[in-house]
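> Take a look at the following structure, please.
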């Protein structure tokens, strides 16, 4: 039996889309290997999401009642459930939380781990994970040879497929242990905005936006589209916006369905962070800018005219 | 205070990558220290300057990594150690972490610090695995760090903002952009670094851990959806075409 465990993630008490993405991916793997899918949800009141995960392929949902996220206690909880359920494949979101606890889980259960997988297939009874390497300039395919294989999975890389599993919820209470790191305070003032690393649409600005006073032009478009606001390194280094918005090699790696680059020239370090976006729209005055080499749709024009016109047009069709 | 900084050597971002069967073709590659590890080295040096102690730069790989270790020397590291693995697989995080953890244990290190990820494998795994292997605390994505005595206070980036956290030594840290501005080695430092000794350890010295992954193969990136430049008379024309393309052709909005 090759069972699959997926570890879901919540934000502000709501199930994140990545949780459904990896449940569906886990279902496909379990079907190929002839096993069951168990979804694990950690938090308070998480039982209510069992049906949501059942609808996309979870046979059962294990719930663990816990307080706020802490990487060390989460690692203990996840490892505890792995030891109890003994899955051969574990899927974890490649999110800031997933990146924080998954390394500890791998060591605790003696598992090999491949991080940031964008493709998962089965070959000879083993999962093959595909991931971008060398800043997206190559892709690698990897198997894990230990009895338990852990994969962290990039948000937006897996399709959500409606496929009914039983979704029966059962509570578990593995030991959370003590955490050596204490959280003193949190400033989550950016928390209600759409998160860059998991957004399916991103509107991003670069040097071409000319100054911080012009972000509202891009934010207007982002709001209509439910998109996250991104920025190039040039805009961040100029002090126009905080580093948390930066996309690229020294910022966030993103894989949205649609990346709208406004006034971004497309330095190789920026392409390293957004090159795997499915559709790329580039709006730039300079028709020779490198961003046009990767753009699906290129507009050689003034963003201060094109972006507001685009916002108006989307308002018409979406509003 | 004994500080271990992790130095991963990676291909320069601007380098063209030619894919071989199970690894890249290294001919013509310019190697650099992974950019986030430069923040780690800098932070190690600042901690030593404030608290005393020594900074040990550690790099895994074949002999070419000595070049990166010399750069760490030029920046100000006190010792440099190569964990000599000639056929090093940069994606094998568990094996890497076990070697480093065993080294750190033998050194009785107080602080292990590395970049938040390396730019070849983008895994964000090794430093935290080292922490788990040693049974010590970790702080990931650190954007500020204060250590006095054995108490550690840091600000870390989390989804949607930042958190202030506290712990005590020993600790493992992953460095995020914003933690500091790495210094440039000066000519004198570069000249002196050439003469400094590089210690060598082998996997046999460090417990001979087993790999838990298999490289099935490398391939070039998938082809992009072919692109085109739109033609329109004015901004409104572009907007209409873009909305149509994104909704009817790409079906993403």
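Glycine residues also receive a Cβ, built from the backbone N, Cα and C atoms like all the rest.
So TrEMBL lists the following for this protein:
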type    : residues                                      : note
BINDING : A:207, A:232-233, A:246-250, A:263-270, A:284 : FAD binding site
DOMAIN  : A:4-193                                       : domain 'Electron transfer flavoprotein alpha/beta-subunit N-terminal'
> Using DSSP and three states only, what is residue A:249 (FAD binding site)?
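Looking at the DSSP assignment, residue A:249 (FAD binding site) belongs to neither helix nor strand, so coil.
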> Determine the minimum-neighbour residue: among A:246, A:249, listed as binding-site residues, which Cβ has the fewest other Cβ atoms within 10 angstroms?
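Sparsest of the binding-site residues A:246, A:249 by Cβ contacts within 10 Å: A:249.
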> Under 8 Å Cβ to Cβ from residue A:267 (FAD binding site), same chain, six or more residues apart: give me those in sequence order, or none if nothing qualifies.
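For residue A:267 (FAD binding site), the qualifying residues are A:232, A:233, A:234, A:248, A:290.
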> Across all protein chains in the structure, which of the binding-site residues A:207, A:270 has the highest Cβ count within 10 Å?
A:270
> Summarise the model confidence on the domain 'Electron transfer flavoprotein alpha/beta-subunit N-terminal' (A:4-193) as a single mean pLDDT, whole number.
95
> Binding-site residues A:207, A:249, A:264, A:270: which sit with Cβ under 8 Å of a chain B Cβ?
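Going by the Cβ criterion (under 8 Å to chain B), the qualifying binding-site residues are A:249.
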> In sequence order, which same-chain residues at least six apart have a C-beta under 8 angstroms from residue A:264 (FAD binding site)?
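Within the chain, residue A:264 (FAD binding site) has Cβ neighbours under 8 Å at A:204, A:205, A:206, A:207, A:208, A:232, A:270, A:282, A:284, A:289, A:291.
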